[in-house]
Amino acid sequence: MDTWGCPKGHLEMPKRTLRDAKKGYLEMPKRTHENAQMDTGDAKWTLGECGIAGAIEICITFPTEYVKTQLQLDERANPPRYRGIGDCVRLTVQDHGLRGLYRGLSSLLYGSIPKSAVRFGTFEVLSNPMRDDNGRLDNTRSLLCGLGAGVTEAIVIVCPMETLKVKLIHDQCSLQPRYRGFFHGVREIIRDQGVRGTYQGLTATVLKQGTNQAIRFYVMNLLRNWYKGDDPSRDMHPLVTAVFGATAGAASVFGNTPLDVVKTRMQGLEAYRYKNTLDCAFQILKNEGPQAFYKGTLPRLGRVCLDVAIVFVLYEEVVKLLNQVWRTD
């Protein structure tokens, strides 16, 4: 017997169950109290970092989100209310000052952390059973998992968050603005329309967010698998992840901006003019032409590319951190 209490030359390995043998991994050791404390501390640190990074990104890029929304809400075809991005910025600053470009910011700030939690949490829950023995997820399954994540975040978080943002932005251009701020706007909307008033355009939001995340996770997974090749353990530098994330974001912008335009119209103050999502799309096509479905593409492209790049970098780094915390060697 050696010092480990086993026959010389042999070490006792953790027992494997039949289920574990089929999956190809060993039983995980139990977590100690010290490990649990370390996990809790790391989780708090990670949550705080993600929250700060998300808030900074939104504050920096929100004027592009504001301009995009205003351009999409503009139903005038000849002539349009705004001649372009610069004209929208100029008129907003002229009438409301620089603060006008940040109208509706609070709704995105309050929803940024729970949105990311629901998105990536749902993706992990859906994708984990679909991975192979090396932890790889094929492209088709990543698309389906992304679709599921997008639909879930749309219903739970994004629809009320986006509805409030669009209404606050649209209200600013009214002859007699009603909402004095985020909380006053929420109170007035619920008083007039009930909680249902915060869920306007749900169908369009589900379609937009579902395709958003389906495209982004598919492209990201495609690029990740291409980069790693036959070595699943190959490390990805954060800069590489950022480039791949920005590419995935750009693909989603060009892929589903028409749905984003319809969603914005369905959540605006004049949504009563449309019978449903399909009727909204038909009226846009009839009255403004097919080019109207790509209103606000450029400002949306700028914000989405930066947003998705940052989010995926944080996501990959969090995964690396948790893998270190849970390492078993």
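Cβ atoms are placed via backbone N, Cα and C, with glycine included.
Copied over from TrEMBL, here are the features:
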{"type": "REPEAT", "residues": "41-129", "note": "repeat 'Solcar'"}
{"type": "REPEAT", "residues": "140-226", "note": "repeat 'Solcar'"}
{"type": "REPEAT", "residues": "236-321", "note": "repeat 'Solcar'"}
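Sorting each residue of the repeat 'Solcar' (41-129) by its DSSP state yields 75 helix, 0 strand, 14 coil.
For the repeat 'Solcar' (140-226), the predicted model reports an average pLDDT of 93.
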